[in-house]
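S.K.: Please see the structure below; I have some questions.
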Ligand SMILES: Nc1ncnc2c1ncn2[C@@H]1O[C@H](COP(=O)(O)OP(=O)(O)OP(=O)(O)O)[C@@H](O)[C@H]1O
Ligand SMILES: C[C@@](O)(CCOP(=O)(O)O)CC(=O)O
């Protein structure tokens, strides 16, 4: 039987406040690494798919960066937290099913249980990345404070108790994203090259020596 390593070589779990640039930064990383090396996993993806289906909503708009999803955010949070209470890893498993690239970018971790699930599943491969932007910059990107959202676990669940492996300052007056992402990209390229070596199919004759 063929012996194939299906685990990722690196799992980068991103978090950050609304409009801090989680999607933007992870898309920049994927552009540089290529989609055969790196996939973006959105924990909100399976949640929004199911929520859109149950409520007859436009999934494309729910998945997009525009104001449409904000109308439903509070109820989606409630809906999602009901499922997480029953199974904290519910959305992590759904979002990562079928991922086969060596590098995974989890773009939207919001709770400690999100990060802990990947750390428990892939203890050697998981690193945490915090994307930071000022409220002024976030406001320029369309954010405004919403009670019940910005003061709730969905937005504050990772504010304390986590020593992030990486911090990305997504501000015009910060070092460029190219500069900030360089060490992360190098780590990803190393993980991808190592994974491509160990991910080769080894015919049975070589396995038995
Ligand atoms: N460095 C940047 N340069 C240009 N545009 C940016 C930058 N960072 C973010 N943006 C833009 O700001 C908006 C918000 O960014 P993004 O959607 O990545 O935030 P987010 O953290 O994923 O937000 P949410 O939690 O609401 O999904 C998007 O339109 C995005 O294209
Ligand atoms: C409901 C929720 O998944 C919406 C996330 O939407 P977005 O990643 O901000 O586009 C947030 C949450 O799960 O708390």
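The backbone N, Cα and C atoms fix where each Cβ goes, glycine too.
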S.K.: Where TrEMBL shows 17, 18, 19, 20, 21, 22, 23, 180 binding ATP, which of 42, 73, 141 is named for the same site?
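M.R.: For ATP, TrEMBL names 17, 18, 19, 20, 21, 22, 23, 180; of 42, 73, 141, the listed one is 141.
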S.K.: How big is the gap, in Å, between the Cα of residue 17 (ATP binding site) and that of residue 170 (substrate binding site), rounded to a whole number?
M.R.: 11
S.K.: Using Cα coordinates, what distance in whole Å links residue 19 (ATP binding site) and residue 170 (substrate binding site)?
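M.R.: On Cα coordinates alone, these residues lie 10 Å apart.
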S.K.: May I ask you to report the DSSP-based helix, strand or coil state of residue 23 (ATP binding site)?
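M.R.: Note: residue 23 (ATP binding site) is helical by DSSP.
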S.K.: Hey, what's the Cβ neighbour count for residue 19 (ATP binding site) at 10 Å?
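M.R.: Neighbour count, Cβ to Cβ under the 10 Å cut-off: 20.
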S.K.: What kind of secondary structure is residue 180 (ATP binding site) part of, going by DSSP in three states?
M.R.: helix
S.K.: Work out how many Å separate residue 180 (ATP binding site) and residue 170 (substrate binding site) at their Cα atoms, rounded off.
M.R.: 9
